[in-house]
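One structure is given below, encoded as structure tokens.
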């Protein structure tokens, strides 16, 4: 029996699932840290902070940077300089700086993963409504989808500012299913992190976990999605469609 035979719609996470956004996010984080004369983190470290929205990203970046600066100053025999500066105020300033810099680098620092456009096109052609659920700040979402030429595939888009509770809370997924006019158990959710899988489970949606995204350095199988795929186009045969690589061969 096909586990997904009752699926009537598919929703996707964005960062780490459809797009590699780490270069742009890391650049904006580091520019914001540098502007506050804090140590810069680098892409490899920033990747481990992605997934819970910009506010949490700033909190993680600031916590690391303050600790890193304190350690460096201690090794130099210098006193700490952050004790009298409220972390909450620094997070607020860091977020403003991040938003400014990310608006400048988001498009050039974000790339579609392989087979994404073909997979979305095949699902849309099958008549399945497609949704997007991301914790990314809403103002960045639509311009990015347009720049990547994938906005046309989605009938419902939920950004991080569109709901009070972000993933892993089920609210964003439940809202997408409601707008699609289907039950949560009829909507497949595809993501790359434990937040995605936890949200799907809480909403009652079947889930696909992808192995290539930003899952805090954890293997996606630890979150126990219903199915694990190495590539996004592995989703197509499970939904009764030819694999996109096979489809491309037919079109050549």
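FYI, residue positions are counted from 1 along the chain as it appears here.
Cβ coordinates are placed from backbone N, Cα and C, and glycine is handled just like the others.
Copied over from Swiss-Prot:
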- 13: active site, nucleophile (ACT_SITE)
- 13, 15, 192: Mg(2+) binding site (BINDING)
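Under DSSP, residue 15 (Mg(2+) binding site) is assigned to a strand (E or B) in the three-state scheme. Residues 12, 14, 16, 17, 18, 51, 134, 191, 193, 196, 210, 213, 214 surround the recorded Mg(2+) site, their Cβ atoms falling within 8 Å of the Cβ centroid of 13, 15, 192, which are themselves excluded. Here the Cβ of residue 192 (Mg(2+) binding site) has 29 other Cβ atoms within 10 Å, regardless of which shown protein chain they belong to. By neighbour count, meaning other C-beta atoms within 10 Å, the densest spot among the recorded positions 13, 15 is 13. Each residue contributes its Cα atom, and for residue 192 (Mg(2+) binding site) and residue 13 (active site, nucleophile) those atoms are 8 Å apart.
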